[in-house]
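Features reported for this protein in TrEMBL:
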type: SIGNAL; residues: 1-17; note: signal peptide
type: BINDING; residues: ASP60, ASP337, HIS341, ASP378, HIS379; note: Zn(2+) binding site
type: BINDING; residues: ASP60, HIS171, THR173, GLU332; note: Mg(2+) binding site
type: ACT_SITE; residues: SER110; note: active site, phosphoserine intermediate
Amino acid sequence: MISPFLVLAIGTCLTNSLVPEKEKDPKYWRDQAQETLKYALELQKLNTNVAKNVIMFLGDGMGVSTVTATRILKGQLHHNPGEETRLEMDKFPFVALSKTYNTNAQVPDSAGTATAYLCGVKANEGTVGVSAATERSRCNTTQGNEVTSILRWAKDAGKSVGIVTTTRVNHATPSAAYAHSADRDWYSDNEMPPEALSQGCKDIAYQLVHNIRDIDVIMGGGRKYMYPKNKTDVEYEIDEKARGTRLDGLDLVNIWKSFKPRHKHSHFIWNRTELLTLDPHNVDYLLGLFEPGDMEYELNRNNVTDPSLSEMVVVAIQILRKNPKGFFLLVEGGRIDHGHHEGKAKQALHEAVEMDRAIGQAGSMTSLEDTLTVVTADHSHVFTFGGYTPRGNSIFGLAPMLSDTDKKPFTAILYGNGPGYKVVGGERENVSMVDYGETLQDPGLGGDRAPLGEGLGNRVSACGQDQGSQNDWDLSENNLSLNCLLQSSSSETLGM
């Protein structure tokens, strides 16, 4: 049994010892305030240049609490306390908040929101590239209600265009850039009801290849939706779940190739080695499909076969910027959302850190004089952290106190959507018995990654399943939470 006094005393000592000496000097904060004010005044001289290039970074499910936790994690990966760290997006000159909802939903999904920010039209939950006149899953409400996206507008203006995502390329966010579908889950014709097929609706993978045939760069996952039913995957030959899904027998990769002019250089690739050996000067069109479904989490990524988000972004910009008229690039950190859905905070936050790295890479390759970069999210999650944690507390660590309900420790990170903590002997597990010792090391710094399942990794604080249309999340006991603040503690513990 851990003494509450001991826990609190340790927390107090840590708090005092972690304050850098410079921060004890009032002049440090006043000088910082003056610099911030000076910078803000300089921003009154607005950049009125017309943007030749536009890069849109979308952190799926990346709400304010996720951004804050990502900032701390990024700092801790560099062996700092974390709270003082600046994300690449923190360095942007302007910041704003947006409200998100679907025309028929208070809590939005990624499909309706993608239609809103890419097409400028709010839509119903679960629909992509159509107005609110289209009802989800009703194919016969689609025709005449299609809306076009900024990707189409950019292509019509003579610019190069690209899509880079860590999800399937026919997932909710990217699909709103090119598709018009009454249902976000119609990845291939295999996932469509007979009624929709008989009424002439096309699946999203089909639309990716046919609707805008000259998208210059497409990278992400989703290989299996491009091939005939049961076609063996190039990477996972014995995995039945990785096999092709198409009922119409089409090979969409070959069709994609056939649409490209003979005098142009088009490349289909499926692994990281092929991507990094490309000569961007000799690439006009690129289709990179690195996984049968979504790409692996950054923490689980195979460094040989799967590129990182930042690596894909670098190659995409190298190809797109050759166009003197400019380019539009949509970049999605899509698995931030998946990590939160699965209650895997470690995966979600490392995905966000990787997206921030990609933002920095894009910034170093472009100029403020002709490039507009926007970083945003489509919705948030019931993700929070609190418990009066001391400065520099591991973002995946315990709060420095016991629950005032069951007198047991609890993790600072929590998901607030229902019971989901692990039960041991009929009670919530005493998480002080869990080994939280793990080395926070940034993979980008060349360090070793903590193996999945060690420390807090797979066991961080989920409290149940989130809303959304995803049907394939692993909600086994090992991936659910250790505790839930809503069950085990009061609002006072949250620091409210």
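Each Cβ is built from the backbone N, Cα and C atoms, and glycine gets one as well.
The residue listed as 'active site, phosphoserine intermediate' is surrounded by 29 other CB atoms, counting those within 10 A of its CB over all protein chains shown. Cβ neighbours within 10 Å of ASP60 (Zn(2+) binding site), excluding its own Cβ and spanning all shown chains: 29.
By the criterion of other Cβ atoms within 10 Å of the residue's own Cβ, the least surrounded of the binding-site residues HIS171, HIS341, HIS379 is HIS379. Among the recorded positions SER110, HIS171, THR173, GLU332, the residue whose Cα lies closest in space to that of HIS341 (Zn(2+) binding site) is SER110. Cα distances from ASP378 (Zn(2+) binding site) to the recorded positions SER110, HIS171, GLU332 are smallest for SER110. With respect to GLU332 (Mg(2+) binding site), the closest of these recorded positions in Cα terms is ASP60, chosen from ASP60, SER110, HIS379.
With HIS379 (Zn(2+) binding site) as the anchor, the candidate recorded positions are SER110, HIS171, THR173, and the one with the nearest CA is SER110. Here the binding-site residues are GLU332, ASP337, ASP378, and the one ringed by the most other CB atoms within 10 angstroms is ASP337. Looking at ASP60 (Zn(2+) binding site) and HIS171 (Mg(2+) binding site), their Cα atoms lie 11 Å from each other. Comparing HIS171 (Mg(2+) binding site) with ASP337 (Zn(2+) binding site), their Cα atoms are 12 Å apart once rounded. Sequence-distant neighbours of THR173 (Mg(2+) binding site): residues of the same chain at least 6 apart with a C-beta under 8 Å from its C-beta are LEU58, ASP60, SER110, ALA114, THR165, THR167, LEU330, GLU332, GLY334, ASP378.
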